[in-house]
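Positions annotated as active site by TrEMBL: C321, H380, D403. Residues or ranges marked as Ca(2+) binding site in TrEMBL: N443, D445, E492, E497. Summarising the annotation, TrEMBL assigns compositional bias 'Basic and acidic residues' to 1-12. Residues or ranges marked as domain 'Transglutaminase-like' in TrEMBL: 313-406. Annotation comment: TrEMBL describes 1-30 as region 'Disordered'.
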Amino acid sequence: MSETSRTSEENKLPLNGRRAIPPNYSNDEENEVPEMEAFGLIPRGFNPRDYLRVVDIYMFKEPHEINKQEHHTDKYYNPRLIVRRGQAFQIQIDFNRPYKPETDQFWLEFLMGRYPQQNKGTYIPILVGNALKPGQWGAKIVHRENNSVRLSIMSSTTCIIGKFRLYVAVLTPFGILRTRRNSATDTYILFNPWCQLDAVYLDDEKEREEYVLNDVGIVFHGNVEDTKSRSWSYGQFEENVLDACLFLMDKAELELSGRGNPIKICRVASAVINSRDDNGVIAGSWNNTYDYGVAPSAWTGSVDILLEYYSSKQPVRYGQCWVFAGVFNTFLRCLGIPARLITNYSSAHDNNANLRLDFFLDDEGKVDTRLTKDSVWNYHCWNEAWMTRPDLPVGFGGWQVVDGTPQETSDGMYRCGPASVQAIKHGHVCFQFDAPFVYAEVNGDIFYTRMEKNGTQVVENIDTTRIGQLIVTKEVGGDGMMDITEEYKFREGSDEERLALETAVMYGVKKQSIQDTTYQPQTDVDMDFQAQKAVLGNDFKVTITFRNKSRNSYTATTYLSGNIVFYTGVTKKEFKKHSFSAKLEPSSSSSFDIVIKSSEYMSDLLEQASFHFFVTARINETGKILAVQKAVVLEIPTLRIKTKGELVAGKETSVIVEFTNPLKQTLENVTLRLEGPGVLRTVKKQFGRIPMNSALTWEVRFTPMRPGLRRLIASLNSDALRHVYGELNVQIQKP
């Protein structure tokens, strides 16, 4: 066997019957990319130097240059280009001669991993076009001079996160010529909380500065009567930290194609942050002996831990909850996922997720440690990561609990989350992942149960207020404590809180055998929720209707929660809370109207004017729970567009945009935009203010170029009102 054939045998892929290529989960591994990919036999006289050839690629990757400035990545201590997805960046290519668009053809290729594939997002060919589409891969030439072209490149808003290799390919009649492998042009692509189309979009600049760009934080510890705080260095921009964070995803064996999804990344990261079952980053130790390692309280930040793990590939000893949370926070912020570290005081560790902690007492009333498996922590730290949850119903995006501390297995591994904070608050613990566990951590009731000699259990006492008394995080822009208990739960002892607990029990009850089932739904009462069609800036009415089909009189403790949500379903703010007691007469329907005033929602209203309502009711006589939720979108006024006279290609004409302010307030900082693809380039105009009920008229003169059916699109933006649009189809005549 010749030497060459033997090496080619060895280089063949390890095949198995299940997949054509091995799993692709290393960002570091590379494949050989041919510099000359011939189409067939190459004629003898072929000389690649006769064709367009890349001499140099300039990445504008210095911290002071345009890319890192515009992408908020100038703080990373990393010589490579780092950009955020869904946002354009620039590179310059120097050729051996001027580029001639008529005859020359070149394109870019971004590759990741050892087996790049286009349908997996690990091989991305980018042709040079005339225009960039928001949120989609593309490139266009923005400047040509001598032998150089400058390109603006747009990445996809769902692009996978990590380090890509860049090649420039040139088409010749006999094959494709590529640039040589050059690590200096490697490009990191990260999540983009500044981009509205990204799953991690966060709308508040101060919050982005805190939850993405702040590299130090505060850990609150101690206990609820005596809280203490300490600083923690996240250091997400330090040298090699970004590479270490990408390595964690390789270690977790997350397929490269799944790395554009923050839900998946959080789920696998919560497992790999701890060393249980996967040799992850930190070995936990709670027994006060820290031989051959560092005591958890000695760490001052995440960088040492991550870099030690990155070089040794062995778990770093030792951590407790705030260490896991601190390192997890670094990981999330480093990749561009907004994140914060949370402390829950009096945190329940519920071994069997039955939403109650069972403390068994012996005859003398002391806790029987042999029988008691549940525990309450003085405090417990976890993280929240901000993202949309397209896998859940509307309203459950926003902050998600993720926890890297190994407490319980979830789907066979020590991990926890992401679990929607909103779902936990309302007791909707049926929504993945691990919501019942987190719900019990902040909400469980403590049952003190005495075991009789004959084995029967007597519940002596139920403590409903101890668990999750105080949940806090660092305030935005300062080092103080921000109390976020209300994000997780209703006020202790309130009807709403009991109601949410009973809803959680309803959804989270363990699947028990039919004989000892504890859950019988209330079948003889129906509850329905309707909202009146509502126009932005007006009051509107919502109606809760009960239908009592039984012959009994009931009273229902009813709670309505109105939330302002992003169009992606992420909650911004609860703006309406209303509870009442409803008397339900036998065999009849009763309706209860609640007025939602514009003054309650206008100050916090988001651009798409979406609400999400939760309604929960408990039938007091039977203890049964009814729950319903509904999304409501207000009608936003539109712009009117009119044309004057007929439209003829090559002849100047004008279009008029009109708008009347319907709100009970003056609109400030109004900007209008108008564009028509193929008709007119985008034009913008600033109007200082529009008083209430007054109208605005804007005339734009333009000369349409090409005949045919076209569309004009206008938008209005202001401080209090956004997402105001108008459009008009126009037929442009031939001259």
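Heads up, the Cβ atoms here are built off N, Cα and C, so glycines get one too.
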Counting only residues outside N443, D445, E492, E497 in the same chain, those with C-beta within 8 angstroms of the Ca(2+) site's C-beta centroid are G444, T464, T465, I467, G468, K489, F490, G493, R498, A500, L501
Do any residues at least six apart in sequence from C321 (active site), in the same chain, have a Cβ closer than 8 Å to its Cβ, and if so which, in order? W377, Y379, H380, C381, W382, T405
Cα-to-Cα gap, E497 (Ca(2+) binding site) vs D403 (active site), nearest whole Å: 24
Cβ neighbour count (10 Å, all chains) around D445 (Ca(2+) binding site) is 17
Which one is it, among the binding-site residues N443, D445, E492, that lies nearest to D403 (active site) by Cα separation? N443
Within the chain of E492 (Ca(2+) binding site), which residues six or more apart in sequence place their C-beta under 8 angstroms from its C-beta? T464, T465, Q469
Reported mean pLDDT - the domain 'Transglutaminase-like' (313-406): 86
